[in-house]
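Now, the feature entries from Swiss-Prot:
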- 14-34: transmembrane segment (TRANSMEM)
- 41-61: transmembrane segment (TRANSMEM)
- 78-98: transmembrane segment (TRANSMEM)
- 116-136: transmembrane segment (TRANSMEM)
- 166-186: transmembrane segment (TRANSMEM)
- 211-231: transmembrane segment (TRANSMEM)
- 242-262: transmembrane segment (TRANSMEM)
- 277-297: transmembrane segment (TRANSMEM)
- 305-325: transmembrane segment (TRANSMEM)
- 335-355: transmembrane segment (TRANSMEM)
- 376-396: transmembrane segment (TRANSMEM)
- 409-429: transmembrane segment (TRANSMEM)
Amino acid sequence: MKLDFGSFLSDGSSILPECILISSLIIILLIDLTSEKKTYWLYFISLTSLIISITVLLFQLKEEPIFSFSGSFQTDGFNGIFRISIAFSSLLCIPLSMEYMKCTKMAITESLIFLLTATIGGMFLCGANDLIIIFITLECLSLSSYLLSGYTKKDVRSNEAAMKYLLMGGASSSILAYGFSWLYGLSGGKIQLQEIFNGLINTQMYNSTSISIVLIFIIAGIAFKLSLVPFHQWTPDVYEGAPTSVIAFFSVTSKIAGLALATRIFNTVFFSSLNEWHLILEIIAILSMILGNFIAITQTSMKRMLAYSSISQIGYFMIGVIAGDSNGYASMITYMLFYIFMNLGTFACITLFGLRTGTDNIRDYAGLYKKDPLLASFLALSLLSLGGIPPLAGFFGKLYLFWCGWKAGLYLSVSVGLFTSVISIYYYLRIVKLIVTKENEETTSYIRKYKTSSNYLVSKSPIEFSIIICVIGSTFSGIVINPVIAIVEKTISLSSFINN
């Protein structure tokens with residue numbers, strides 16, 4: 001393979017956002033080795049690199065699709081939205097880590113390195129176009145997530161969560177790799193996604209039993225990363241045991257990266273096997289919506305409740321993936337953008353509450369409104385938006401997602417989604433009711449000893465700043481849903497692999 005300076009620059013420009021983050025990792029390591037008063041600069045470099053990376057990605061959205069590194073990486077508007085979403089989620093999660101590290105006195109450098117490495121892995125995964133790059137970047141994201149989940153080494157629950165996540169994650173990765181090896185063999189030794197599709201057509205393997213076996217392995221591997229039923233067993237334990245700020249991070253980033261991977265593989269490699277993977281994914285999505293919401297009702301831990309809530313939420317996302325057209329993908333991405341604000345806003349609120357009280361029990365939130373009306377209001381708005389209460393952003397996002405699913409003929413999935421959304425409102429409203437409980441009615445000692453917060457509007461606390469941004473997004477972004485949809489649809493129309 002012949003390389004020249006011009007092609008090197010062209011290829012490098014396509015991954016410039018990731019290169020910026022890699023450079024920030026090197027700078028962070030150097031600062032950690034050379035500077036004593038390093039805390040400010042570590043956070044400054046991390047946040048600045050993410051902002052610059054997002055800015056570069058915004059400019060790349062307008063460009064024509066580009067295949068770089070001999071076709072191994074694809075840059076287009078579709079995966080650009082996913083890359084921006086991952087970088088933006090990390091940008092909102094760093095303030096959560098700042099507050100958590102300050103209160104728990106944990107090492108800052110390692111936390112930021114793992115977080116940025118996971119971000120880089122997720123962003124590369126969104127544009128990966130061959131099996132080797134997909135697997136390497138997926139493992140980069142996964143390994144960093146394992147390390148983050150067990151970061152509080154003195155916490156037994158955190159160690160248990162990391163071990164379960166590692167073992168289950170390793171098993172799912174090996175299943176996915178096995179599916180990839182079948183694809184490689186059946187396609188005649190091809191590794192790039194479009195070439196695999198062409199190879200399967202040429203070898204007339206699409207009607208064989210082997211393709212069904214490949215689909216089962218690949219769906220199982222991706223379903224684990226997305227916490228879809230029945231591959232969700234690790235999720236509640238990891239959510240409960242890992243640091244809350246860490247859970248906030250990979251509850252969003254891993255799902256965004258997983259959705260990007262699912263859409264790219266199913267819409268490219270298995271485009272001629274629509275009936276097979278549509279049926280399997282629809283069954284998994286329906287099970288996720290039902291089990292996630294019904295089991296969430298019984299939970300007493302806030303983090304476990306959010307774990308099952310996230311399982312049901314990813315079931316809703318799958319409606320857009322199963323639709324398999326530009327409208328379905330546009331609705332999925334629109335809801336994903338709203339979900340970032342809703343989910344991170346909720347996790348930011350419970351992170352702050354946990355740092356001030358040291359409890360995760362749902363009952364201990366009783367009477368919070370009397371002690372901290374702003375935090376209580378922000379948490380209530382985020383939860384209600386997750387439930388899809390109008391006129392919050394979650395309502396408009398779900399409405400558009402279900403409408404596109406209905407148009408695509410997914411009547412059963414949409415009906416189940418509507419029914420389970422009503423169920424989810426029950427357990428979200430139950431928490432809101434506890435929050436506004438009158439003092440001394442059902443309040444516990446945690447709330448009675450709770451220290452009233454300062455004014456959020458003038459607060460210098462980074463986590464409170466993240467809360468404000470997320471709550472504004474989850475509350476008011478639904479108002480501008482039409483412009484958001486128009487931008488997403490226009491961006492998707494420029495992508496080369498979307499089949500209308």
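Backbone N, Cα and C define each Cβ position, glycine as well.
Source: prediction; values computed, not measured.
Annotation: stretch 116-136 has the most Cβ pairs under 8 Å to the transmembrane segment (41-61), among 116-136, 166-186, 409-429.
Comparing 14-34, 116-136, 242-262, 305-325, 376-396 for CB pairs under 8 angstroms to the transmembrane segment (78-98), the maximum falls on 242-262. By the count of Cβ pairs under 8 Å, the stretch nearest in packing to the transmembrane segment (242-262) among 277-297, 305-325, 335-355, 376-396, 409-429 is 335-355.
Stretch with the largest number of CB pairs closer than 8 A to the transmembrane segment (335-355), among 166-186, 305-325, 376-396, 409-429: 376-396.
Using a Cβ-Cβ cut-off under 8 Å and counting only residues 6 or more beyond its ends in the same chain, the transmembrane segment (409-429) has close neighbours at 282, 285-286, 289-290, 292-294, 296-297, 299, 305, 309, 312, 315-316, 318-319, 322-323, 383-384, 386-389, 398, 401-402. Contact count against the transmembrane segment (166-186) (Cβ pairs under 8 Å) is highest for 211-231, out of 14-34, 211-231, 277-297, 305-325, 376-396. Long-range contacts of the transmembrane segment (305-325) within the same chain: residues 226-229, 232, 235-236, 238-240, 247, 251, 255, 259, 262-263, 266-267, 274, 278, 281-282, 284-289, 291-293, 295-296, 299, 331-333, 335-336, 339, 343, 346-347, 350, 362, 386, 398, 401-402, 404-405, 407-408, 410, 413-414, 417, 420-421, 424, 427, 431, 498-500, each at least 6 residues beyond the stretch ends and with a Cβ under 8 Å from a Cβ of the stretch.
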